[in-house]
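Chemist: Here's a structure for you.
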Amino acid sequence: MITFFITFIALFLGSALISIRYKQILGDAIALCTAGLILVLYVLAFFRGMKFIGVLAFLFCAAFGVLLFRMDKAGRSDLVKELGRTLADPTNFMLILALVLVTVMTLETPFTWWDDINFWSSDAKQLFFMNGFPGKYGNVSPEFGDYPPVTSIFKWLFLQLGMKEYRESLQFAGYFALNALFLMPLFGRIKKTGLGTAVNVLGFVVVMMLPGVFNGIIYYGTPADITMGIIYGALLLTMIEGKYGSDSLLYVKIAAFTAVLFLTKSVGVEWAVFALIFYILICKKDKKIFGAAAFSGITYGSWLVFCLINRRVAKLTGAGLKMATSGTYTAPQNAADKARFFAEGFLTMPMHADRNLTFDISVCAGVVILFAFLFVLYYKKLMDISEIKKVGAFLIVTGLITYGIIFLAHISIFQTEDQYLDAYAMAVSMGRYGFPFLFGGYYLLMGTLFSRLEEVQEKKFKMIAATVTFAFVLLTADYAGIYKHLSGYRKDVSENNAYNHDMVGDDGRIIVDKVLRDKSLWGKRVLIIRDGHTYHWVHDTYISKEASPVALVYDSFKAEEDSSDTMMQKIISDHASYIYVEDEDNLSKELFAPLMSAGQDFEPGEIYEVNWNNGGILLSKKTN
């Protein structure tokens, strides 16, 4: 817990100092310091030293104290006054209040979203216990091995509030905080208009609600796509705000935001490329962009190299590369049906997937309103014709590419997933995977509007612009999702916990208890071998989540078909360091007995270490 608080004290102190020193909007400084914090934690994770962030944060605060003490009296007095005003800024107050509220209100939330159970929650849990990345073949959810770690890293920070006890619900607080911190540049533009306290408070609420207009998964899950879209929007706004600038801090922000964007999800590459195109279209060219691009590229490259060394390759990454290079792709027979459902979902279904008494807009409506927003900026001369043409062309091209890629994904790497033969499911998919485009566009245009309203002399127009923008968000927000996120989930907690427990099952619980009892297995791959006559796949996912930080993989045996040689090949191909055989009927003894080390007998229900021996393997019983 101390690590959490000292880190956030350093975060707010650093943000205030950057805001003062470089005359930055506080929201921009907060987002920049958040990016810096994530990158420091990312580096520490390679050495399993994430808890060292508390020491670094303390040293930063102490160093500031020493420098402050050594200043002359007048300078110290001025800085303390300015620092006090900045730290007492309503931005900090409302942000802290929101973080406390969400943390408290979500304390009992269990994970129910499949992708969280399959990867996102398990990955953060492993970071919590190991304070960094595991070694070769040691990552939980190996089918998603190369998924970048930003959301898990920030969840790790909030998991420190559990006082050495793992409390998975704190991941929801960490996820909300990560998104909220990168939304602060947008709120900073609203505050910059100087329209008063009421507008600032309502504006903060509107900014917090804005992501839910486009996607409702954030209210019951922790999708990285939404975080990626928020960071992308902050990056675009940073670029257009500094389009004539050449100061180093602008390029530090571009470098930091782009690096974090890369590390949020693998497809962050797509959005980083789009952002670079936006820079080329909009900004005054400066050679510092090469340094920013090199920094972010090297950062992402470090993750790819780490994944290569440690054999972390995602299932979809492998499938996508194979499909792209094999030359054997054929469209599925239901491609036309998927196209129809895609169009229906795009045009008619609410992209946040909930039903409210207000307006639940479709992806199509969101796109139309986005371009209407752009037209208003031109009509009111808040953007000149050159900017409008460039921004408009950028949005059209990137929008077509985005939704084109989403559709192609549904008839290629997702072609076997028949749940998408439904307009509602397609709308949810577009809302999620297309979030960076649509939300990023709104972040860009809303931020530009409020930033340039500062230059407008007529207060009446400022109020009208703010009122219309706020009304749009308030009339399209996902209130049903917000209610469920903060309170409504409580009525289903017992049922959801019982479901998760049942999905693990009694046999699964035995496995979990067995592997978690031995801390030397943390970050090691344990192969669970079961009778192949029974289907276990869905249950295995729940078991793996519970067993994290131990990395479980699964295979099967059939006594009437397999031999000791085939079992040895399975163990080798699964790259297991240990195995555990579940076999209540003792049918597997003849399969594994020949693989045992000299003087040891095989018994199912025990953990065996895999030892290499002259190109083969020998098993020996694990001793603590």
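Along the chain as shown, the residues are counted starting at 1.
Cβ from N, Cα, C; glycine included.
Pulled from TrEMBL, these are the listed features:
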{"type": "TRANSMEM", "residues": "6-22", "note": "transmembrane segment"}
{"type": "TRANSMEM", "residues": "29-47", "note": "transmembrane segment"}
{"type": "TRANSMEM", "residues": "53-71", "note": "transmembrane segment"}
{"type": "TRANSMEM", "residues": "92-113", "note": "transmembrane segment"}
{"type": "TRANSMEM", "residues": "169-187", "note": "transmembrane segment"}
{"type": "TRANSMEM", "residues": "199-220", "note": "transmembrane segment"}
{"type": "TRANSMEM", "residues": "254-282", "note": "transmembrane segment"}
{"type": "TRANSMEM", "residues": "289-311", "note": "transmembrane segment"}
{"type": "TRANSMEM", "residues": "357-379", "note": "transmembrane segment"}
{"type": "TRANSMEM", "residues": "391-413", "note": "transmembrane segment"}
{"type": "TRANSMEM", "residues": "433-451", "note": "transmembrane segment"}
{"type": "TRANSMEM", "residues": "463-482", "note": "transmembrane segment"}
Chemist: Decide whether the stretches the transmembrane segment (53-71) and the transmembrane segment (6-22) have at least 3 CB pairs under 8 angstroms, with pairs required to be 6 or more apart in sequence.
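Modeler: Contact between the transmembrane segment (6-22) and the transmembrane segment (53-71): present, because at least 3 Cβ pairs are under 8 Å.
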Chemist: As a test: from 6-22, 199-220, 357-379, 391-413, pick the stretch that has the greatest number of Cβ pairs under 8 Å with the transmembrane segment (169-187).
Modeler: 199-220
Chemist: Between 289-311, 433-451, 463-482, who has the most Cβ pairs under 8 Å to the transmembrane segment (391-413)?
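Modeler: Stretch with maximum Cβ contacts: 433-451.
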Chemist: Using a Cβ-Cβ cut-off of under 8 Å, list the residues of the same chain that are 6+ residues beyond the ends of the transmembrane segment (463-482) and lie near it.
Modeler: 190, 193, 195, 199, 202-203, 206, 209-210, 212-213, 216, 218-220, 352, 354-361, 369, 380, 446, 449-450, 453
